[in-house]
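Comments concern the structure below.
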């Protein structure tokens with residue numbers, strides 16, 4: 001087979017003509033704009049400040065999980081455990097800061113560390129135990145984390161968190177949810193991390209061609225452990241935001257959220273084959289899912305139907321990815 | 001060539017969504033000018049019980065001339081999706097909101113931010129601004145169950161109680177009510193054990209009870225699934241024991257009709273939906289609504305099981 005090219009964002013854009021470049025870069029954004037236009041026509045409630053802020057708030061949990069998920073996917077991996085890791089993180093935060101009455105700062109630290117810890121474990125299972133694919137290691141930790149989340153309080157929810165813990169998910173600056181501002185900050189940090197740091201560039205390189213990356217002296221294992229740790233950390237952060245929104249932690253929190261996160265990354269233009277995908281594309285992907293759900297809710301489309309539509313959008317988005325792959329192989 | 005395809009396929013996808021959304025939107029939203037509207041957000045719409053609630057809410061809307069919009073996630077476990085649905089319903093400014101929370105604590109922030117009357121059905125939550133809670137009075141349901149069981153037995157007969165998971169307030173209340181009624185009727189309660197509302201667990205719990213007390217004459221169970229489990233254990237031993245359940249599920253009613261289960265105390269999900277919308281309308285009009293509304297129970301035995309089954313089938317269409 002033809003040799004796989006290590007594509008960083010810059011190289012891709014250099015190769016392409018302006019219009020092509022525009023399309024591949026802004027494809028998801030064009031989709032989002034089209035979708036929003038259609039929904040504006042169909043519902044007079046869609047394009048209101050109140051509703052846009054609803055969308056912003058409803059997108060945040062998935063946006064945080066998705067940006068974490070982008071890293072494993074860039075390395076041609078996957079992290080199925082994020083939803084369960086979210087649950088175990090919030091349950092332990094609840095135990096520490098509500099049941100044991102410790103300082104909210106300790107609670108927040110426990111939440112984030114629990115997330116990062118499980119992420120690190122995913123990285124270790126993948127690189128040190130050499131399990132064949134992260135699908136397997138993270139499938140395992142997905143079940144372990146969910147199981148423990150259910151066991152620790154015998155499946156009982158925990159409510160009544162201190163204000164400091166609720167702040168991120170609950171408060172507004174003017175009309176804008178604090179959680180959405182957090183998303184923007186996190187995405188800017190990820191953008192800088194992925195495009196301006198050595199580790200960031202290594203992540204793209206590993207996804208493009210792990211063997212070449214190894215031969216060129218990159219410590220692949222170290223980078224992979226960082227990737228999964230960050231993914232877990234973002235699950236903890238998403239959990240913190242969720243607790244603020246609903247003022248409670250429950251063991252079934254985040255059930256099947258990994259699938260929405262993967263969908264956001266893929267709709268945002270990342271490739272399952274690794275090496276291709278951007279931070280802003282992922283944000284657009286998360287917003288497309290949130291806008292779809294919100295718009296279909298406003299139009300009173302049943303939940304069953306919403307599943308069908310979102311499924312179709314995922315397939316359409318990946319088909320675009322396939323076309324892109326085919327094109328880049330030819331050139 | 002390729003890029004044209006991309007734009008084309010994207011356009012097709014978006015217009016398909018628009019078309020689908022447009023079509024299915026139309027039939028739900030009737031454009032009744034000046035009509036009051038009530039939004040109902042349930043735990044899910046994908047199980048028979050919730051279909052009954054939905055049917056009741058829609059029937060009330062039809063009879064009272066209210067636009068009723070019933071929504072719910074794909075599963076009771078989709079807690080955040082339910083919160084999103086509550087927010088999205090509120091942004092459409094309905095006249096009132098009727099909610100059955102999947103996780104009582106989680107809906108509190110969203111509902112306390114609502115600027116319309118909020119009513120809870122089936123499951124209560126600690127929401128400051130709620131108008132009312134409409135649901136089963138579980139203690140009373142238990143009492144009725146106890147009385148029904150006692151009416152089938154002789155004074156001094158031995159009976160057992162099967163409760164739900166420890167700390168489940170709904171099933172605990174039912175057991176309390178049943179216990180009181182059974183004691184009053186002079187029954188001897190020889191066992192009380194939890195089977196976590198689970199059918200399989202109820203089988204082994206009942207087997208253990210029968211090891212010790214093979215002369216038991218009656219059992220009251222805090223839900224129908226456990227009652228059916230108890231029945232299995234009893235039948236395996238070839239004993240004649242009267243078993244009473246609670247809930248009024250279709251499976252239980254069918255079992256009663258077949259002469260197996262002795263009876264059940266049925267909850268009224270249809271009435272919860274109906275009363276929810278009816279009282280929401282009262283609240284919109286500024287009328288006073290009771291803080292707690294009992295949706296009532298139905299005592300189902302072999303005499304009326306056929307009607308109940310027909311009713312369940314008619315509203316689940």
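In case you wondered, yes, glycine gets a Cβ from its N, Cα and C as well.
Keep in mind it's a predicted model, so treat the numbers as computed, not measured.
Now, the feature entries from TrEMBL:
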TRANSMEM  A:22-42  transmembrane segment
TRANSMEM  A:63-96  transmembrane segment
TRANSMEM  A:102-126  transmembrane segment
TRANSMEM  A:147-166  transmembrane segment
TRANSMEM  A:172-194  transmembrane segment
TRANSMEM  A:223-243  transmembrane segment
TRANSMEM  A:272-293  transmembrane segment
TRANSMEM  A:305-323  transmembrane segment
> Quick one: do the transmembrane segment (A:147-166) and the transmembrane segment (A:305-323) have at least 3 Cβ pairs under 8 Å, skipping pairs fewer than 6 apart in sequence?
Replying inline: no
> How about the transmembrane segment (A:22-42) and the transmembrane segment (A:272-293): at least 3 CB pairs under 8 Å, pairs 6 or more apart in sequence, or not?
Replying inline: yes
>> So if I exclude everything within five residues of the ends of the transmembrane segment (A:172-194), which remaining residues of that chain have a CB under 8 angstroms from its CBs? That is, six or more out.
In response: 49-50, 53, 56-57, 59-60, 63-64, 67, 70, 74, 200-201, 203-204, 234, 237, 241, 244-245, 278-280, 282-283
>> Need a quick answer: max count of Cβ pairs under 8 Å to the transmembrane segment (A:102-126), which of A:63-96, A:223-243, A:305-323 is it?
In response: A:223-243
